[in-house]
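**Q** Straight from TrEMBL, here's the annotation block:
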ACT_SITE  140  active site, proton acceptor
BINDING   148, 151, 199, 202  Zn(2+) binding site
DOMAIN    16-291  domain 'Deacetylase sirtuin-type'
């Protein structure tokens, strides 16, 4: 039931087509799994046209000297929030329009077939949810939701876009490039006159429901994911170098439980020295070959 669409390879590193032997090995791995725990990263969404941070040659770190906003800076600095939201406002229409690719749809179908016990994504793009996955945890939150740091009130990001438009009816900015989390590059001069709304209920600071760099995932969510992993009998990492500890900790837990671990990622990962199986292919090219 996977619908095949042409992938967007702009932000996908070059790699060889899947090796038939590797396809066979992954097929055996998935077939032997009864309760498969899957963790995905930015590399599964690059084929939907969303850049990642670390891919060689095409990731944000390779293409620019830009770095994502830090949690502490966002909280303490009104100018940092103004810069973040101005860039996000310009980038939101394009970012929110991205659609799941074949890899997302395959994982959705594995869930329907009972092959996939739980899916944890490090991505904030909502593409697994758009694809129809239900047994999913968004480890780092989702850019499609916004909440108030003071009172906790939540609204949809699409609703906030309307507030931005009402506050900035004549504001215009030309974007320079796109970043992984939905924003774009703007100059300081472009940002200076952008108006940012406060919480409609208490006047507090609005923040995307996302774990920024320098922040931590809630202990409640970490415990929930550990429980799902404890129920699983194998782990597949798809599209992640696992450089961020918030995700890597679950691979360490899987190793401690002696679960077989397969890794599907273009380029090296932190798991390569202890994974049972390492595959260097595009997620959207290899996963559909597994039945």
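Every residue gets a Cβ built from N, Cα and C, even glycine.
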**Q** Please report the Cα separation of the residue listed as 'active site, proton acceptor' and residue 148 (Zn(2+) binding site) in Å, rounded to an integer.
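**A** Here the two Cα atoms lie 17 Å apart.
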**Q** State the mean pLDDT for the domain 'Deacetylase sirtuin-type' (16-291).
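**A** For the domain 'Deacetylase sirtuin-type' (16-291), the model's average pLDDT rounds to 90.
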**Q** Return the count of C-beta atoms lying within 10 angstroms of the C-beta of residue 151 (Zn(2+) binding site), excluding that atom itself.
**A** 12
**Q** Hey, what's the Cβ neighbour count for residue 148 (Zn(2+) binding site) at 10 Å?
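**A** So the Cβ neighbour count for residue 148 (Zn(2+) binding site) comes to 19.
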**Q** Tally every other Cβ atom lying within 10 Å of the Cβ atom of residue 199 (Zn(2+) binding site).
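**A** Counting Cβ neighbours of residue 199 (Zn(2+) binding site) within 10 Å gives 19.
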**Q** Determine the most Cβ-crowded residue among the recorded positions 140, 202, using a 10 Å radius around each Cβ and all protein chains in the structure.
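**A** Counting every other Cβ within 10 Å of each candidate, the maximum falls on 140.
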**Q** With an 8 Å cut-off on Cβ distance to the 148, 151, 199, 202 Cβ center, who else from the chain surrounds the Zn(2+) site?
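**A** Those within range, site residues removed, are 149, 150, 152, 153, 198, 200, 201, 203, 204, 206.
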